[in-house]
Every structure is written in structure tokens, then in C-alpha cells.
């Protein structure tokens, strides 16, 4: 592990008045060397002008702390559904995704995580075709270095992007290979039915490499799960408090095939004295030390 380049961080906020500059400061307070942001609220399309983001100040602070822009992540909003059964919804999704790609590029970031969407009453093949058709339309419309990273999903409702076969179908049919990648989410993988112990995760990576190519994995979301394997529910838990377990997550984080790939925490905030606080700083320290401790009990005992 001494030679392992651990790139670890969390989701951080991007809000007035410091915007991107404030995101960097928040990430540094957690001991991170990467982070992920939404460019606005994930539930809507309302966005502030990119000129207000304090990009130059953010870049200067990143450079001061030797954080590589290529290791940072933007997450597209949840409302983008590339495989909606309604054409007007797909058109809105395409136009807004183009704008998100352009915002991501303006920030100097090269990775944009996208939920592949929910097919609703459509069959799987049609839904998958709609996703790769939209991506092909986008990449033929704009020239960009941004990589759209399809997130592995939990299988809640009619979600797609749940398994390697679905991801392979999309990636095989996207013409601009430089613009497509995958984000592995450990909670979603568990909830979709994948056992994430050492042996089974190795088998998953072997299959992924054979079917798609390990080089397409661009980012990981590191979360424990509140649910049993195969629950198809998607409820994140703090590291070591869920059904995946800290030891299994450490094996994933430090897997030799995943060296130099950013790992992002999206774990829940914790209620202490009626105040919700992030545990990212503590979780990142545990990851760096490869040692778990009961931070929740420790914080509650200070009441």
C-alpha cells in the first residue's frame, strides 16, 4: 500500500458566495485530495452564471495544495433522464446535459457522473438505445474533453445501468470512446445484488475488464449500505456501519487495479446535539489509516 496513490475525497457543496472556491476550501477541511460537486441543486435545472463560480481562485488554491483538476468530479443532476418514454423529457435532458458538460469544462474538470436513467414502461433495449443515441447526438454536437461517467445503479424501480451487460451495450454503441466512462458506486452495487467481499469483487473486476475494459472505470463512489445485498433500494450508510463492511470497502479502495482512480464518499451526515454534521473528515482518516473506529459513539459521548 505504500506505493498506492490514494485519491480520496467526498461530495462537497457549491454555493454562494464562494461557489467553486468554497468547494475547494471545504474539501481541504476534510483532508481530501479530490472532491465531487453538483453545479447547482441536483433536483432542478436552476444554475448560477459560471462567471460567478470564482474559478481562478479555486484553481490557485488547488495548485497550492497539489490537487489535480483531472481528479475532480462533477455530478449531473438527478432530473436528467436520458431514457424517459417522453420525447420532450429526453430533449430537455439532452439540452441540459450539454450545458452541464460545458459548465464542467469551464471549471477545468474532465469527469461528469451521470445516472443512466429509468426506463419506466419501456423495454430495456429501447431504453439503452435512447441513452447511447443521446450521448452520440451530444458528442457530435460539441467538441469536449469531458468524460461522461455512467454510474452503476441499484436497480430501484426501472433504473438501467444496473449490470455490466447494460453498461457494455451503452459503451459499445457510443462512438466517441474518449468521452465515455463508468463510475462504480459500492452501495448501488451491493443493493443490485453484487457481493462485495474480496473474492467476488475481484471476479466482478475480471468480468468488467473482459466485457468492457478496466480503463473505462474513471471514478468510484465509496458508500456502505443500509440494505442487505440485492435489496434494490439505494440507501447509503457511513463506512463500517452497513452491510458491506469497512474491511471490504478498504479492499475496494486499495485494489491495485483501481490505483490512481478518484474515490468519493457520499455517506450520510450524522445528528449530534440536533445538528447534522458530515463525517467525511473522520472517514477519510480511517481510510488513510486502514483502521475503523466507532466515530458515531465517540461523537455522541461528547454530548
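Backbone N, Cα and C atoms are what each Cβ position is placed from, and that goes for glycine too.
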According to Swiss-Prot, 75, 115 bind Zn(2+) 1; which one of 56, 95, 151 is listed for that same site? 151
Name the one residue among 188, 282 that Swiss-Prot lists for the same Zn(2+) 3 site as 234, 236. 188
Recorded Zn(2+) 2 site member, picked from 71, 185, 191, 294, that accompanies 151, 221, 266 in Swiss-Prot: 185
Work out how many Å separate residue 151 (Zn(2+) 1 binding site) and residue 236 (Zn(2+) 3 binding site) at their Cα atoms, rounded off. 15
Out of the binding-site residues 75, 115, 185, 221, 266, give me the one sitting nearest to residue 236 (Zn(2+) 3 binding site) by CA distance. 266
List the Cα distance (Å, whole number) between residue 115 (Zn(2+) 1 binding site) and residue 234 (Zn(2+) 3 binding site). 13
